[in-house]
Structure formats: C-alpha cells, structure tokens
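S.K.: The feature domain 'Expansin-like EG45' is assigned by Swiss-Prot to 41-145. The feature domain 'Expansin-like CBD' is assigned by Swiss-Prot to 155-234. Per Swiss-Prot, N-linked glycosylation site is recorded for ASN107, ASN207, and the stated evidence type is sequence analysis. Annotation source Swiss-Prot lists signal peptide at 1-21, citing sequence analysis.
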Amino acid sequence: MGNILLQLLAVVALCIAPARSDWLPGTATFYGGADGSGTMGGACGYGNLYDQRYGINNAALSTPLFNDGASCGQCYLIICDYGKAPDWCKLGKAITVTGTNYGGWCNATRPYFDMSQPAWENIGIYSAGIVPILYQQVKCWRYGGVRFIINGFNYFELVLVTNMAGSGSIVSMSVKGSCTGWIQMTRNWGANWQCLAGLAGQALSFNVTSTGGQTIVFDDAVPAGWSFGQTFSTYHQFDY
C-alpha cells in the first residue's frame, strides 16, 4: 500500500510541475514512420542523424521555434498536457528531443513540434495524431566533443557544426587559418556556417560562441592537408 501511495504522489507531482513558469504551451504531432527513418536529413543540414549522434529523438520546429535555423541543435523537454487531453496523453511521460529540421508548414506561427514517431509515442497515443504539450528548452547532453564537417570548394568554406552540447546552437563563429588572422563567418543555412577565403592546405582553428554565451577556441581543430567532405572531432564540449 505504501508503494502505491508513493507512486500516486509521484504522478501528482508530474501533473502539477508544468504550472511552473518555465513551461510553455504548444502542440506536437509526428512524422517519419515507425522507425523514424523519414526524419533523416532536414533543414539543419545534419544528414544522417545517427552518424551525427543525434539519433531518433528529434523534431522539426515551427517557424518561431526554428528561427531561420538559429535553433538547430537545441534541446527541448516535452510532456503531453494531460489536463487538456487525458484520453490521448501518456501520464507521467516525458521526452527530450533535438531540433533538426524545419516544420513551418504546420501551425507556422505557433510553437509546434513535428517529432519523430518513436519520440512522439513516448508521450502520446498513436491514434491521437496531434496533442497539446508543455515544453521547455533544456541543456543538451552529447557523447564526445564538438565535430566540424568541412564542405565547399576553392574560396568557399561551408562548415557544419555538430554534436554540440550545452545550449546546442551557435550565435557566432569565426575561423583562422595557419596563415591568416581570424575571419568572421556567417550562417549559410541550418547549422552550416560559411566564409569566403582560400584556406585550403592550412590548419584551421574555430572560435565558436554558443547561444548560451559560452565561447570556446578550437585550436587547430582541422589539420593542414584536409579535404572537403571530411569530418573532424574535437575533445572540447560546451557546458551552456
């Protein structure tokens, strides 16, 4: 009897927790099939989400959440709003997802998550299709360090930054070749940052500031002699 009472108290605590001011209302549905394979790729540019260590717990974000790609890589804790949809919500369940795609075609002006089906089924009944939710942005946890994927050609470098912990996203970034000073980069699309410079053959360092306000200098993250299309892992990671 004592164990049952403790379980009931835990459920009640979960039900009232969303009343805190750091929870925001929204809606969620799902896409990508039962195995989530249809969520690979997307407007953040991550490609295969397993290769980039994001996995199946991902979501496409509506226009205000996506913020023209500035929110790519951010993490969100989501629960189904049981008080509004008791027949369709799974009581006491929560899931953390990473924003990896743009889903602006759904409720474009409102907070909306188009989640992978496996992630969505943690919180909602499949037949519901769409449910009211409560969400909050949370710290991202990643295995290993930040990774840089170098694409582009000649005098155009396009750098995809992946596996970023902390706030999960970037507010500013610059690059320095072994023969240059620091060059400011700009967001091209999603999590891809660009610069127009001839850096081929040079070792590359990156100065990255997260949306949480933390700056890390990745000295010689890319060794001299690199080629376009290569991925480079680091030992550094963001805390916020």
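Just so it is clear, glycine is given a Cβ too, placed from its N, Cα and C backbone atoms.
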S.K.: What does the DSSP secondary structure composition of the domain 'Expansin-like EG45' (41-145) look like, as residue counts for helix, strand and coil?
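M.R.: Result for the domain 'Expansin-like EG45' (41-145), in helix, strand, coil order: 14 helix, 36 strand, 55 coil.
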S.K.: Work out the three-state DSSP category of ASN207 (N-linked glycosylation site).
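M.R.: Its secondary structure by DSSP: strand.
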S.K.: Sorted by position, what residues of the same chain at least six away from ASN207 (N-linked glycosylation site) have a C-beta under 8 A from it?
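M.R.: Sequence-distant Cβ neighbours: MET173, SER174, VAL175, LYS176, TRP182, THR215, ILE216, VAL217, PHE218.
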S.K.: Quick one: DSSP breakdown of the domain 'Expansin-like CBD' (155-234) into helix, strand and coil?
M.R.: 0 helix, 45 strand, 35 coil
